[in-house]
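Asker: Before I ask anything, here is the structure I am working with.
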């Protein structure tokens, strides 16, 4: 006999008595101790096909989490990695936690890459023009701040590179015992690919902007080559910034290919696209500021060359990182109002072209305003496709062409991506609205009562809330047969195992059962089965609760709750195994009503008959027969009633002078006690045939 599960108290309506048995239980659950089943439960055995399928990955990146760190390797390594080299595809719980850690790290590192793309253009804003001395200098404190930010970002890149090296070394050591030529070739390809990727990562974090800021630019300013400073900054910026963009873009694509998503939500994807657009505007605005300060410096140089005794070093401050005002010649240059009004006070006296807004920035001591206005210019220019003025200078024209073309591409990509994201968000809701509109039209045409209409609306809303518009049967129906069987095996195995009747069956029987179950949703207050109706299916509760009630005698009813892990409809088992077979479906022994929105798996009568016919050797075993009787709600109800009647009969015997089953000396109508009448009825019930008495024929 299986261990007795934790029982439920069986309550009876329509009858009360002062003498009740000490304990009366009706264990209506299939298994009292079974934990609530989850809809997305995983296979309990790591060697099962479902577990292998759920954890299967490219064996070139066989460790979970290792995938993302190996993502920089060529796709050929992944294709070759599937040949079977390395450890089996399933992973342990430690590997799963490691995979989750690396997934979070990859998301954080993607934001670090975006931060690095935002930091590099800030080096341009360190260049400025002194309003008092009209000379070019480098803002020392701002240069220190930007350098610290860039070094911190490079340190995170180095940490990520170190993690890649550690993972690659661990992977190489794990596969060192492989002797196959194919595995050796794969390892060689992986090493070469990793070496190229590591060298590229090192290139994008070389401290080239820092060297240009602290060594090259001050030297050029001291020599009076003020316009050359901007040219050097722009060349250095493009040589490292463009590869850094490519590196971040490739990392983003690898994450999408490996995980299918980045942050797991649609709004996260929209935010990522907006961040990319904002970074592009920031970079365009920084270049615009740099070229604008170069145009202002060119104006100062032209005015200086027109004056007697003015050299190019006059436009350069004495101390490039700060500036001094001690030289008489520099003071005389700073007091020249004509030069100031020509180059710094207004943009109308000199051809600034697209850089006329920078006149107010090059001498502005506010660093925040110096950063925000170029960002605003970048957003405005990229979004309006070139509503900017331009001179005939070739560098300015090329810059404007690049900005306009980039703006066209970026805005198109941004609008397209956001449209895709919003469509993915609203398409299911629109489908729900269309379906509800069709249902309303149909219900009006058929003149359904308002009560039925409310039930239909409630069912559609609850089905949408539970499944978000996803038809699970339709999704799995279009998959290949092997994949469909594995997925349903993975989803249903733990739930089916919780049914005590199926615990003694082998994997093949369970796989066929899982393949034929269907996902069902019932709204609150819906009657699933009425007592006496033919049983159409077995139900295995996933979420929610069902209220089961069964009529006994004289209006007495038995009630119990079926929760996650419980089942109903076990009458079908006796019907399928009965010999000779009877086509008529068995009647239901209880009424099932949903206490809340309930999700369940259903196994139809035809599907259950298919399983029992093809695997009859399993269902006719003595262990399965005893489990079927022990966990059957009908048998348990009969047992509870029998125990209660026996107890009442015993209590009644103590108060009567004769036994209740002895024929009374007086007629029935003249019986001394009405309790004897009830007791005879209970005795007849006690001696009635047991439920499903002919349930299994060997």
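Backbone N, Cα and C atoms are what each Cβ position is placed from, and that goes for glycine too.
These numbers come from a predicted model, not from an experiment.
Sharing the features that TrEMBL gives for it:
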| type | residues | note |
| --- | --- | --- |
| DOMAIN | 501-611 | domain 'Cyclic nucleotide-binding' |
| TRANSMEM | 108-127 | transmembrane segment |
| TRANSMEM | 198-217 | transmembrane segment |
| TRANSMEM | 224-242 | transmembrane segment |
| TRANSMEM | 262-291 | transmembrane segment |
| TRANSMEM | 371-388 | transmembrane segment |
| TRANSMEM | 394-422 | transmembrane segment |
Asker: So if I exclude everything within five residues of the ends of the transmembrane segment (262-291), which remaining residues of that chain have a CB under 8 angstroms from its CBs? That is, six or more out.
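Answerer: Here the qualifying positions are 107, 110, 114, 117-118, 120-122, 124-125, 127, 230, 233-234, 237, 241, 252, 255-256, 354-355, 358, 361, 370, 373-379, 381-382, 395-396, 399, 403, 406-407, 410-411, 413-414, 417-418, 421-422, 424-425.
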Asker: What same-chain residues lie close to the transmembrane segment (108-127): Cβ under 8 Å, and 6 or more beyond its ends?
Answerer: 136-139, 142-143, 146, 149-150, 153-154, 156-157, 160, 209, 212-213, 217, 229-230, 233, 237, 240-241, 244-245, 247-248, 251-252, 255, 262, 275-276, 279, 282-283, 285-287, 289-290, 293, 367, 370-371
Asker: For the domain 'Cyclic nucleotide-binding' (501-611), give the DSSP counts of helix residues, strand residues and coil residues.
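Answerer: Its residues divide into 26 helix, 42 strand, 43 coil.
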